[in-house]
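Step one of this worksheet: look at the structure below.
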């Protein structure tokens, strides 16, 4: 208790600023619904409604990317009874925890730590990942680094086990820390340090096998298959980040022009610290995995790069302010530099906060489609689509994921670049497609030309079409023809 009081006293400013800013911006994001995050919530809604931990009631298929985040959501929602606000609250808690832990990793002194944490919690990007396991992954990553530095290796083992249960990419941080341990100590870590993480992982694997019939979630191989397919782009698609300028930076480069040089100062000023090198090697290893395995450039995969990059920006801001202020006492030119940089840094934080300070909600087009399906289709209707989160959440219909994240077979077809063969397994009552068609929806051309499906005239949504399966004799045969003969498309 005494240590807790001392910590709270020494870090009051850090805690106050981080929680206040993070809390306010999280409140503004309380209605935010990332499409993929609603996949988690649908699994949990089915669980709490007595239909099991499934995406489609009665179909035990493991499409949960993050077991640990799912378990935490289950526990928290058992108390709150509101899945939407529970997932946003957990994202807020773990984002603040990640910012605070990250500040302790790289910064010294209460002002530098506060700047680091503020840089993270005021940044727009992180609120666009709310509802996912992202902030939990970042918190556990920073906590693992702290425990490693303190040489608390048993606790480190537990945290690394939890990190792997959050996202399997946590193995790369574990690999870097174990390698550094071997280099420093010229021996392997004690076997006892591996017991706790192995027990945690074994328990999770056994549950998966008992409940779903497979040790691992299907999403891992599905994402690898997506990269292999070439359908998400050619070349090193993880480096295709042009979309982020509009999505996270307000459509211009003002923040980047500040972040890049100041972040570089933060990195260079810390090169004498072993922790900085561990972070660099971890990011290089993680980045190589994403880049060279052609993992799709989903924005939440970039979280560790934004997180540590912004922490370096925070340390860079402090180093520059400290240097110019100290020298300003003897040289008026440095006083001018201090004032100029203080204004620039203030402008950066102001602009970053304003970009984050928006009310966030669901993707309205998908929400409207889901609500239309719920109101205008039979309760037992089967709907296929490539974006299943929001549509599945609001439609409350059995949903076939054309990309295979929550259904059997389809991910294997996609990995081969085959967007037709899913029709050999499924003949949904309805198919939601984009207009113009996405590459994954190419089979719709054949389905329409063969009259196996027809557009629903009563459905109206800009940029989307709803196709309904024909009741005519021979429809199933025509669907199979489309699945097997691509030339007809």
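Note that Cβ sites are derived from N, Cα and C of the backbone, with glycine treated the same way.
Range 333-353 is the one annotated as transmembrane segment, of 60-80, 228-248, 333-353, 354-374 (source: TrEMBL). Residue ranges 254-271, 380-397 are listed, and TrEMBL annotates 254-271 among them as transmembrane segment.
Proximity of distant same-chain residues to the transmembrane segment (114-147), defined by a Cβ-Cβ separation under 8 Å and at least 6 residues beyond the stretch ends, is recorded for 13-14, 17-18, 21-22, 25-26, 28-29, 32-34, 36-38, 40-41, 65-66, 68-69, 72, 87-88, 90-107, 153, 155-156, 159-160, 162-163, 166-167, 169-170, 173-174, 177, 244, 247-250, 275, 278-279, 299-300, 302-304, 306-307, 310-311, 313-315, 317-318, 349, 352-353, 355-356, 360.
Only residues 6 or more beyond the boundaries of the transmembrane segment (191-212), in the same chain, are considered here, and those with a CB under 8 A from a CB of the stretch are 53, 60-62, 67, 153-154, 156-158, 160-162, 164-165. At the 8 Å Cβ cutoff, the transmembrane segment (88-107) and the transmembrane segment (12-29) share at least 3 close pairs (sequence separation 6 or more) and count as touching. Of the two recorded stretches, the transmembrane segment (333-353) lies close to the transmembrane segment (254-271), with three or more CB pairs under 8 Å once pairs fewer than 6 apart in sequence are set aside. Beyond the ends of the transmembrane segment (276-295), by six or more residues, the same chain brings 105-106, 145, 148, 169, 172-173, 175-177, 180, 223-224, 226-228, 230, 232, 236-239, 267, 270, 301, 304-305, 308 to within a C-beta distance below 8 angstroms of the stretch.
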